[in-house]
Amino acid sequence: MRPVLTLLGAGENTYDFARQYALCVIVFGGIPTVLSNVLSNLIRSIGRSKEAGTGIILGGLLNIALDPLFMFVLLPTGYEVLGAGIATALSNCIACLYFVAVLVKMGKNSVITFGMKEGRPQRENMTAVFAVGVPSAIATLLFDLDYVIIDKLMVSYHDLALAAIGIVLKVERFPLNVGIGICQGMMPLVAYSYAAGNRKRMEDTVRLSRGLGLLIALISIVLYELFTAQFIRIFISDAQTIHMASNFLRIRVLATPLMFLSFFTVYLFQAFGKGRIALFLGVARWLVFNIPMLFLLNRLVGMYGIVWSQAAADILTVILSFYVYWKYGPRE
């Protein structure tokens with residue numbers, strides 16, 4: 001475990017805490033966490049969005065409630081990180097049990113079941129699943145790799161910069177996660193309309209989803225530019241860190257609409273069943289534009305080059321995405 005945690009940025013002062021948290025959340029709670037995510041998506045795919053949403057909210061609320069209980073009440077002082085890990089693992093286990101209960105209640109007649117009545121999955125079905133799933137998996141992996149590289153580059157300046165960018169990366173995820181949720185909700189509707197040949201419904205869904213995602217991105221820009229320090233203070237009270245993180249956030253948030261459009265195009269091609277194109281766009285975004293731009297601007301500009309790299313890379317990504325959609329998107 002030490003090589004992995006060290007690669008991710010754990011130092012002498014943080015390794016023990018990182019190990020405690022990783023043991024709880026990944027080693028002991030990893031399977032329930034992954035399984036709850038899989039089951040929530042499966043349940044949502046058959047139209048049970050209410051049950052899927054309930055399970056996700058249940059896990060989140062339990063985590064919020066159990067964190068202070070394990071961190072400050074049940075465990076002694078000095079074990080706060082371990083308490084947070086136990087709370088997270090336990091809440092994920094309960095969410096997983098909820099999804100299992102939902103499937104059991106739906107019964108054997110449901111499309112989704114734990115039984116093997118249909119035998120082994122057919123080759124073409126497995127191919128279709130991997131065609132849609134692999135691009136998302138690789139994009140998520142590269143997304144996390146990008147964050148690791150940002151941390152590694154920032155730590156070469158000073159701890160204040162590392163703390164500031166860490167907070168900004170969390171704050172900027174709020175509108176981005178909403179945008180990804182819109183994309184995930186759009187996918188089955190677009191896929192169904194595309195397969196059925198209902199061009200108008202497909203285009204209406206795409207237009208509405210894109211407009212809603214861009215609206216949320218623009219609102220986030222306004223809010224983050226006007227109330228930057230207030231959002232940063234949610235995570236830290238140190239004045240120097242707040243000042244630096246505020247400067248970082250004002251720059252990074254400008255890329256939010258571009259980031260949404262990049263994800264949006266990848267999800268569209270997944271909905272069209274064009275997994276190779278989705279994979280190409282996902283890999284190109286990170287390996288061709290984002291990560292090289294980090295090193296390039298860090299070398300040319302310095303610390304603030306790292307902050308500007310997201311916007312610079314996503315401008316190129318969106319240009320490529322629009323061209324690919326024009327070239328390989330659905331025709332009349």
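Every residue, even glycine, has its Cβ placed from backbone N, Cα and C.
Over in TrEMBL, the protein carries these features:
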type	residues	note
TRANSMEM	20-43	transmembrane segment
TRANSMEM	55-75	transmembrane segment
TRANSMEM	81-104	transmembrane segment
TRANSMEM	125-143	transmembrane segment
TRANSMEM	176-195	transmembrane segment
TRANSMEM	215-236	transmembrane segment
TRANSMEM	248-269	transmembrane segment
TRANSMEM	275-297	transmembrane segment
TRANSMEM	304-326	transmembrane segment
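Contact between the transmembrane segment (248-269) and the transmembrane segment (176-195) holds: at least three of their C-beta pairs are under 8 Å, each pair 6 or more apart in sequence. Note on the transmembrane segment (176-195): residues 45, 201-202, 205-206, 209, 212-213, 216-217, 256, 259-260, 263-264, 267-268, 270-273, 330 of its chain, located 6 or more positions outside it, place their CB under 8 angstroms from a CB of the stretch. Under 8 Å from some Cβ of the transmembrane segment (304-326) lie the Cβ atoms of residues 150, 153-154, 165, 247-248, 251-252, 254-255, 258-259, 261-262, 265-266, 268-269, 277, 280-281, 284-285, 289-290, 293-294, 296-298, all in the same chain and six or more residues away from its ends.
Remote same-chain residues near the transmembrane segment (81-104) are listed as 17, 20-25, 28-29, 32-33, 35-36, 39-40, 43, 48, 51, 54-56, 58-60, 62-63, 66-67, 69-72, 74-75, 110, 112-114 (criterion: CB distance under 8 Å, separation of at least six residues from the stretch ends). A Cβ distance under 8 Å defines the sequence-distant neighbours of the transmembrane segment (215-236), meaning residues of its chain 6+ beyond its ends; these are 163, 167-168, 170-171, 174-175, 178-179, 182, 242, 245-246, 249-250, 253-254, 256-257, 259-260.
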